[in-house]
Amino acid sequence: TLLIDVEGKKVGELNGLTVMTLGDYSFGKPVKITARTWLGKKGVLQIERETRMSGPIHNKGVLIITGYLGGTFAGKHSLPLSASLTFEQLYDELEGDSASSTELYALLSSLSGVPLTQSIAVTGSVNQYGIVQPIGGANQKIEGFFSLCKAKGLTGDQGVMIPAPNVSNLMLRQEVLDAVEEGKFHIYAVETIEQGIEVLTGVNSIEVFGKVKKRLALMHEYLKEEKDK
């Protein structure tokens, strides 16, 4: 049984989307992505990478996340951060960078303390400047999360957030289109991490990023005090 929430809000937890292939058939599978952050200097540790359960493209995506965090939040000093990321209850080899934006949102939530909605699943890769990039399998991913939400009960708040460039390629089955038209399910298209974090938190990105900077500044001071002892 997959432990996936499709209602409520949580800090450092978010629903990602993967595509599973069985022979000639492929389908979307939701997966919970979690992040923990604490004082340290180890940077971002991706558990699948550390246990050799991920491929080179996914590993590249994790390094890009580190580049984004450093470029955005470490202008005056190094990142005083240790963090861990993982795809919960996923035991197959992980490849691709289509969840890198999802991992980044989870990290930003953990650092800021601002909770993320569990009713919206996310797909999309990200570059070092926070631009959300297109991915493959958007149709299967949207339909996979829709099926899960339908099974658990549609609330009218649920949906999927995708990269804006993927919108023109969508060919969803009629059941999903009808639910969107009736306001029972939603598709959000975003171009940047700032836009995405606002959709997922309902909080202005400037406020969220301000909380991240404040937390990192406190971590920096704590590390400095430890060093001076």
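Here the Cβ of each residue, glycine as well, is placed from N, Cα and C on the backbone.
As recorded in TrEMBL:
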type	residues	note
DOMAIN	27-203	domain 'Lon proteolytic'
ACT_SITE	S98	active site
ACT_SITE	K141	active site
Pairwise CA distance, S98 (active site) versus K141 (active site), rounded so that it is a whole Å = 11
If you count the other CB atoms within 10 A of the CB of K141 (active site), including all protein chains displayed, you should get 26
Express the predicted model's confidence over the domain 'Lon proteolytic' (27-203) as a mean pLDDT, rounded to an integer.
-> 92
